[in-house]
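*Asks:* Structure in structure tokens, see below.
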Amino acid sequence: MAGLWDAVLRGEAAVRRAATAAVDTALLEGVLMRTEAEPNASDVVSYAPFTLLPSAVPSALFEQAYAVQQDFNVLVDAISQNKEFLERTLASTIKVDDFTARLFRIHLQVLEEGLAQSVFLGINRSDYMFDCGAPGVPALKQIEINTIAASFGGLASRTTAVHRRVLKVLGMSEEASRLLPNNPSEGLASGIAKAWELYGSRSAVVMFLVEQVQRNIFDQRCVENELWNRNIRVIRKRFRDVFEKGSLDDARRLFVDGQEVAVVYYREGYVPKNYDQQNWEARLLLERSRAVKCPDIATQLAGTKKVQQELSRPGMLEKLLPGRAEAIARIRATFAGLYSLDVGEEGDKIAATAIANPDRFVLKPQREGGGNNLYGEELRQVLEKIKDSPERTSYILMDKIQPQPATNYLLRAHSPLKASECISELGIFGVYVRQGKELVMNEVAGHLLRTKAVEHADGGVAAGVAVLDTPYLV
């Protein structure tokens, strides 16, 4: 896999020419972010960071990731409906992790009151790396599944055109024609549109629930545009707006600023800093409503690291997906080694193993958004500190994946042009819609490739570490 573009990368003048064309094409195609200096203004924008060249991805692993996505959609949906499984799995975590505990309390409160929501929409992204740790062929290994605010579907829809242009500028038209079409924004919008339609009110709107700081607005606008093109009205609100101007009528229909909301699409609400007391109250109001939440709170809990670890236990998938042996085999084939740090003999043993061999593992808290995982010496220090405390149950341990690095250029505004040793992570978008007990839509909505320099252990594009990329199948 290494060395795909070696001949190209040797010509410095050609690389500079290609980089200039690449940046202009990114601006032309709308691969954009707001600037750090003015994160809430679109007067001055820049291109979102991306690789100069597409990265090699083994076609067999790419196809495997696509083939298993509908199975993961079914699994996430099954977990979200299984109160006993969530309660048992998260029991130790909610004792020590206040954020997960608060989400779980809202989940129980909504179930106790009786669900007003009858249509359920899931937009998730399953992330993988290509593990070359064992001798033989590389293997597809799942890093995590994101069930809330899975981003960059919009910009990923526009990145392929940039890499196609770069390859043509470098005289590689045939290679350019081999880049696969990819349009996650259309796929994500089709799920939102289906949920809106099943909600059953043509005058109701789709509400994007957005952060205070909105640097990544163009990624969201790509999906929003697709909805406007279908004549579905979109409003953008923050938790604060919901707290101040949101209400439920007797039928528990949600109104914000006087407008009925059919679908709430969360692009925030996945980390503790998104919440103060008012925002928690707003979240409860949203969850109690009839509106279709993407995700509802049970589906957000289904995406926690603790659930991911529990799924790897022998026999667990069989309980959640009875009679689906082929789907279970496809899912299980993507699992890396996952280990519980629950209090008890099993947890003690794995904690001791990780302290002795910190480079073999990754320590993961129950957090989304990138930049939270611990590696190497830092992992050892944290585990040493919490090894005898119940606090360790707020983490899980995972085998560290060993991808094969390759050379590329990471293009960032105001950064020098230099070659880097890089590793990539492949995300597959899945979309499903359930009405009552019937799954009325279950689709793969496209892919996202992100690449980062090998010195960065953790972090995504929004965290400023990884950059957008396009797979070149080999």
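Each Cβ is built from the backbone N, Cα and C atoms, and glycine gets one as well.
Unlike curated entries, TrEMBL annotations are predicted automatically.
Below are the features I grabbed from TrEMBL:
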{"type": "BINDING", "residues": "R125, 148-151, 214-216, Q220, 267-270, R450, 461-462", "note": "substrate binding site"}
{"type": "BINDING", "residues": "E144, K305, 364-373, Y375, 398-401, E425, K452, D458", "note": "ATP binding site"}
{"type": "BINDING", "residues": "E144, N146, E368", "note": "Mg(2+) binding site"}
{"type": "DOMAIN", "residues": "204-302", "note": "domain 'Glutathione synthase substrate-binding'"}
*Asks:* Test of understanding: give the count of other CB atoms lying within 10 angstroms of the CB of K452 (ATP binding site).
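*Replies:* That number is 24.
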*Asks:* Compared by Cα position, which of the binding-site residues R125, N146, A149 is the closest one to Y375 (ATP binding site)?
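*Replies:* Its closest listed neighbour, by Cα, is N146.
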*Asks:* Please give me the binding-site residues out of R125, N146, A149, R215, Q220, Y270 that lie within 10 Å of E368 (ATP binding site), comparing Cα atoms only.
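*Replies:* So the list reads N146, A149, Y270.
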*Asks:* Closest of the binding-site residues to Y270 (substrate binding site), Cα to Cα, picking from E144, N146, P365, K400, K452?
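*Replies:* Result: the closest of the binding-site residues to Y270 (substrate binding site) is N146.
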*Asks:* For K452 (ATP binding site), which of the listed binding-site residues (R125, N146, A149, S151, Q220) have their CA atom within 10 A of its CA?
*Replies:* none
*Asks:* Quick check: of the binding-site residues listed here (R125, S151, R215, E268), which one has the Cα closest to that of E144 (ATP binding site)?
*Replies:* R125
*Asks:* For the domain 'Glutathione synthase substrate-binding' (204-302), what does DSSP give as the number of helix, strand and coil residues?
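*Replies:* Per DSSP, the residues of the domain 'Glutathione synthase substrate-binding' (204-302) fall into 41 helix, 26 strand, 32 coil.
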*Asks:* Looking only at the domain 'Glutathione synthase substrate-binding' (204-302), what is the model's average confidence as pLDDT?
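*Replies:* Mean pLDDT for the domain 'Glutathione synthase substrate-binding' (204-302): 97.
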